[in-house]
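Have a look at the structure below, then the notes.
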Amino acid sequence: MMPFSVNGILCTLALLLLWRAEELAEACSCAPVHPQQAFCNADVVIRAKVVGEREVDSGNDIYGNPIKRIQYEVKQIKMFKGPNQDIEAVFTAPVSAVCGVTLDATGKKEYLISGKAESGGRMHVTLCDYIMPWDSLSTTQKKSLSQRYQMGCECKIVRCPSLPCEISAPEECLWTDLMIEKQVHGRQANHYACVKRADGSCSWYRGVAPPKKEFLDAEDP
């Protein structure tokens, strides 16, 4: 009977471990956002290379256990939004199950990194923040980071959950990529910004040059 009992216990433990792994895998859940909305929500948005990586202690939890974080050392190339000092370190959780971000720390890849500000030239990022390889961004997205996204931060980008859908206020832009193209990085995300018009309403704008002050119309997607 003993071998059977041991095997039963081992099977139970294996099932518990599998259940726990599935629970952790589902622990980090993020609602999709348009790049402009991610920019407006972030404290810091930078273009940078990651040149180092190490695990560090960040205090203790309520039970006295050490809190681990990954510290990425970064070389900032450009700041689009943030404090009046370069960002030198980016912190994140150690595993993706708790929204930790994995970055290439060889210094060979440039990233657009958005996240929350911390003191001393540091920031914290999660999987819910907008973090993309720089080369994967469209030309419109790169240009919008410098001025157009900021111009639209008073606007609200509303995700279309099902068709038909419509805006409920004049300061809203309807984001339909997920519904029509079945992807987050669709035409609106890659090529459009939601910008305020002279009359206070907001509308999608597409173009290389920033909208004029008297902007009254747009190319609707």
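Placed from the backbone N, Cα and C atoms, the Cβ positions cover glycine too.
Caution: TrEMBL annotation is automatic and unverified by curators.
Note that the coordinates shown come from a computational prediction; the quantities given were computed from them, not determined experimentally.
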Cross-link partner of C173 (disulfide, per TrEMBL) out of C128, C153, C160, C194: C194
Selected from C11, C30, C40, C99: TrEMBL disulphide partner of C28: C99
Disulphide partner cysteine [TrEMBL] for C128, chosen from C11, C30: C30
Partner cysteine of C155 (disulphide bond, per TrEMBL) from C40, C165, C202: C202
TrEMBL annotation, disulfide partner of C153 among C11, C40: C40
Taken over the domain 'NTR' (28-153), the model's mean pLDDT: 94
C160 (disulfide bond): tally of other CB atoms within 10 A of its CB: 16
Recorded positions clustered about C153 (disulfide bond) [Cα within 10 Å; pool: C28, N41, C99, C194]: N41, C194
